[in-house]
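Per TrEMBL, the features are as follows:
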BINDING   A:Cys639, A:Cys645, A:Cys679, A:Cys683  [4Fe-4S] cluster binding site
BINDING   A:Cys683  siroheme binding site
DOMAIN    A:7-281  domain 'FAD/NAD(P)-binding'
DOMAIN    A:318-385  domain 'NADH-rubredoxin oxidoreductase C-terminal'
DOMAIN    A:421-470  domain 'BFD-like [2Fe-2S]-binding'
DOMAIN    A:485-534  domain 'BFD-like [2Fe-2S]-binding'
DOMAIN    A:560-622  domain 'Nitrite/Sulfite reductase ferredoxin-like'
DOMAIN    A:630-764  domain 'Nitrite/sulphite reductase 4Fe-4S'
Amino acid sequence: MTAEREKLVLIGNGMAGVGTIEQILKLGGAYDITVFGSEPHPNYNRIMLSYVLEGSKTIEDIILNDHQWYEDNHITLHTGTTVIRIDENNRQVVTDTGLSVHYDKAIIATGSNSFILPVPGSTKEGVVGFRDIADCDAMLAAAKQYRTAAVIGGGLLGLEAAKGLVNLGMDVTVVHLLEDLMERQLDRTASSMLQAELARQGVKFAMGKQTAELTGEERVTGLRFSDGSELPAEFVVMAVGIKPNVQLAKDSGITVNRGIVVNDYLQTSMADVYSVGECTEHRGTCYGLVAPLFEQGMVLAKHLSGVPTPGYEGSVVATKLKISGVDVFSAGEFTETAEHTVISAKDEWKRTYKKILLKNNIIVGAVLFGDVTESASLQKLVKQATEMTDEIYGEVMGTGCCGGGGAKKGLSVEAMADEEIVCGCNGVTKKAIVDAVTENGFTTVDEIKACTGATRSCGGCKPVVEQILQFVLGDSFQQSAKQGICSCTPLSRDEIVAEITAKGLRTTKEVMHVLDWKQPEGCSKCRPAVNYYLGIIYPETHEDEKESRFVNERMSANIQKDGTYTVVPRMYGGVTTPEDLKRIADVSLKYDVKVVKVTGGQRLDLIGVKKEDVPKVWEELDMPSGYAYAKSLRTVKTCVGSQFCRFGTQDSMEMGAQLERKYERLDMPAKFKMAVNGCPRNCAESCTKDIGIVGNDGGWEVFIGGNGGIKPRIADAFCKVRTDEELVEVCSAVMQYYRETGNYLERTSEWVERMGLEHIQSVILGSDDNRKELAARIDFALAQVSDPWKKMLDDNSTRTALFEQTRV
Amino acid sequence: MELSSREYAVGAADDFMLQIGRVVNAGEVELAIFRTSDGAFYAVENHSPHPKGGPLAEGIVSGYYLYDPLHDWKIDLRTGEVQAPDRGQATVHPVTVDGGVVKVSLPEAVARL
């Protein structure tokens with residue numbers, strides 16, 4: 001027997017309402033659902049409009065649920081239709097198109113409108129709010145036609161609008177009634193830092209100005225302030241606040257204060273009619289931010305699905321400004337009073353500011369400027385009214401500047417409530433993430449992203465998602481280090497290498513076929529990796545697979561974002577000659593190279609070579625490839641050394657060039673950098689290289705596992721040697737051991753930590769035989785390599801297929 | 001309304017290496033032509049649907065999927081559809097092989113642009 005399903009009508013097709021419906025669907029609530037929306041679009045992410053204006057996202061990108069979604073979930077959607085009345089007696093909603101639809105339960109989620117200041121002239125052409133796609137379109141259009149704009153309102157929305165218009169090339173002045181920007185979220189210090197930063201980015205300010213009138217005939221031409229002064233503006237954005245959209249509720253006889261009044265279960269004064277989001281007023285508060293509406297929606301969804309839930313108790317609101325390069329955050333209380341204990345740190349050089357407010361040692365509020373990495377942790381601490389401890393203090397206040405390199409330990413996510421929103425952009429709770437992990441066996445952030453949408457939008461929540469992942473997997477997070485090298489296979493690197501050797505597999509195709517890959521031809525992660533492992537196992541016979549190489553390695557040049565290439569010729573040890581420089585200059589001129597730049601590793605970048613010119617550039621340079629694109633030895637950086645330097649004790653230029661000549665072209669798990677210094681002053685910065693060498697009076701010191709890149713790490717002292725021969729042998733052994741045991745794309749900094757420094761030392765320094773065998777194996781592999789540029793020039797068909805552009 | 005289209009011969013089948021894209025300008029359109037490991041041909045406009053754009057021809061091809069060389073988006077060569085978790089659509093055009101000659105058919109409106 002199937003019971004007739006109850007009819008649920010949602011009025012308002014925005015984030016709050018549709019978010020609630022999504023939760024109801026997940027909870028298995030059995031309703032026939034109808035949705036009414038006044039806008040012509042399907043449901044979109046309003047908080048991302050700033051990104052649309054900024055140009056980093058398109059409207060398509062911010063659509064949350066497309067028409068297909070409604071269809072898939074059997075939801076009847078009426079766009080471009082406005083509900084004008086709820087008829088309580090007949091239990092019907094009535095629309096402006098003359099439709100009447102029966103409901104058993106109804107949700108009002110009509111959101112809010114821009115508040116337009118009731119000053120003379122506010123209805124003139126060229127005056128808009130910043131609330132929906134239509135406003136956003138108007139702003140994009142205005143920027144094409146006009147030059148000067150004024151944004152009234154120095155709050156979150158106003159500043160985002162202003163920065164968006166500046167990016168679009170307009171001359172923009174923010175007009176603000178008070179002396180401090182974002183005064184409802186920030187204290188005076190943060191506010192003035194924010195103003196200075198935005199001014200630096202081109203936004204102008206008129207502070208302490210009250211707009212009295214908008215001037216102009218049909219179209220606005222400027223603002224007149226209450227003090228009589230004027231500001232010309234061909235376009236005006238009002239961003240002074242929002243007004244809950246309550247007309248429907250009012251007309252239907254529902255109790256309305258500033259917003260539609262609801263209780264803790266989001267019930268309005270009318271039976272079976274609920275309200276969520278910006279149109280509602282809960283315990284006297286109307287919220288205009290995203291987190292509260294998801295929290296309200298969650299309670300309502302459970303209530304309507306018959307799942308027991310505590311009522312909604314209000315939200316701790318936190319603010320994050322969505323302007324690239326301006327990081328501001330605040331949560332809870334931020335204005336100091338005598339009751340508060342204040343912890344603060346201001347750094348004018350780094351332009352950062354951090355303030356935490358305590359009341360009776362409980363964390364009640366926080367403000368961050370410039371560096372908001374702690375925002376997620378702080379928001380949680382405030383929300384849970386956590387007591388300040390030495391441990392928390394250490395974690396949030398840190399020790400000052402760059403923090404010593406290691407990843408900062410996040411605050412425990414264990415205490416986080418299940419219903420807490422982790423991803424504010426997409427309304428994903430901790431529980432949704434935990435469930436995704438436990439039910440589907442996910443082990444990566446990407447899998448969680450695909451399933452729940454968390455981290456899909458601004459990405460700010462990624463660290464917390466990672467922490468949750470670690471927390472849920474616990475010990476198995478370690479075990480799952482055995483997880484596959486990508487989603488195509490559950491096998492680890494070691495297992496794949498063992499299988500290749502045991503079964504004598506010869507090509508990536510064979511490996512993937514025999515080892516039962518999920519995607520028969522792999523993906524962009526495993527194909528290059530397997531190609532590399534095959535090359536290490538069969539140095540003599542493995543035929544490198546061009547089609548499994550990342551573009552840069554396939555083309556032997558670095559692709560740039562516009563599809564042109566950067567060509568970098570070798571300069572052994574960073575040394576060149578006037579003749580070579582002359583040739584580089586001639587070729588650069590002939591092929592219209594956009595920029596010639598010195599690289600971080602003491603070479604010359606020839607940037608902006610057209611794809612079809614790349615082979616000719618090589619040919620005419622007639623220099624070896626600098627491998628600036630490769631997972632192999634990049635450069636050996638050197639100082640001047642004993643040849644010229646008055647402090648130099650060793651000939652670093654000569655040794656650098658010798659090492660670079662010896663090891664160039666060989667495939668490695670990841671890019672590999674070296675440095676040689678003539679004395680302990682370390683001018684070539686050995687401490688951040690994969691192998692760093694420092695000369696002293698009696699010989700050389702060798703350091704390994706340094707990195708200056710994305711995860712900086714200072715190299716570990718590995719050993720001291722007396723002769724040049726010993727130095728080369730140690731370098732050979734370290735490099736070959738890394739080649740044989742490193743995971744593809746694993747830098748030595750990670751490799752050293754995974755294998756353990758002592759282990760590597762015992763393998764290489766503990767046994768002369770081992771060291772000599774490793775060195776012999778690398779020499780054998782080195783005998784197989786040749787310059788890719790020369791090779792390509794001799795191979796007509798490959799060169800044509802790769803580089804030539806046909807016109808038909 | 002019937003849209004007329006125009007066929008462009010973009011080269012001999014043998015000119016195309018397996019799983020390695022090649023750029024061909026047909027009319028006003030820049031195409032990336034791919035030959036999958038089963039010998040089938042696909043034509044995609046050489047412009048990534050990623051908001052930051054960039055070429056597609058240099059991506060890694062696996063089965064019927066292309067991995068965008070700059071952003072690593074996974075794109076179905078048959079439909080142009082970007083695979084989850086990303087979203088978007090690359091423009092694809094039909095390809096036929098006729099007596100060893102690879103032909104791409106472009107709508108007249110696109111060809112003139």
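Glycine residues also receive a Cβ, built from the backbone N, Cα and C atoms like all the rest.
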Average model confidence [pLDDT] within the domain 'BFD-like [2Fe-2S]-binding' (A:421-470): 79
Cβ neighbour count (within 10 Å, all chains shown) around A:Cys639 ([4Fe-4S] cluster binding site): 27
Cβ-based neighbourhood (8 Å from the centroid) of the [4Fe-4S] cluster site, residues A:Cys639, A:Cys645, A:Cys679, A:Cys683 excluded: A:Val640, A:Gly641, A:Phe647, A:Gly648, A:Ser652, A:Asn677, A:Gly678, A:Arg681, A:Asn682, A:Ala684
Tertiary neighbours of A:Cys683 ([4Fe-4S] cluster binding site) (same chain, Cβ under 8 Å, six or more apart): A:Cys639, A:Val640, A:Asn677
All-chain count of other Cβ atoms within 10 Å of A:Cys679 ([4Fe-4S] cluster binding site): 20
Number of helical, extended and coil residues in the domain 'BFD-like [2Fe-2S]-binding' (A:421-470), per DSSP: 28 helix, 5 strand, 17 coil
Intrachain C-beta neighbours of A:Cys645 ([4Fe-4S] cluster binding site), sequence separation six or more, cut-off 8 angstroms: A:Cys639, A:Gly678, A:Cys679
Helix, strand and coil totals (DSSP H, G, I; E, B; other) for the domain 'Nitrite/sulphite reductase 4Fe-4S' (A:630-764): 52 helix, 34 strand, 49 coil
Composition by DSSP (helix, strand, coil) of residues within the domain 'BFD-like [2Fe-2S]-binding' (A:485-534): 27 helix, 2 strand, 21 coil
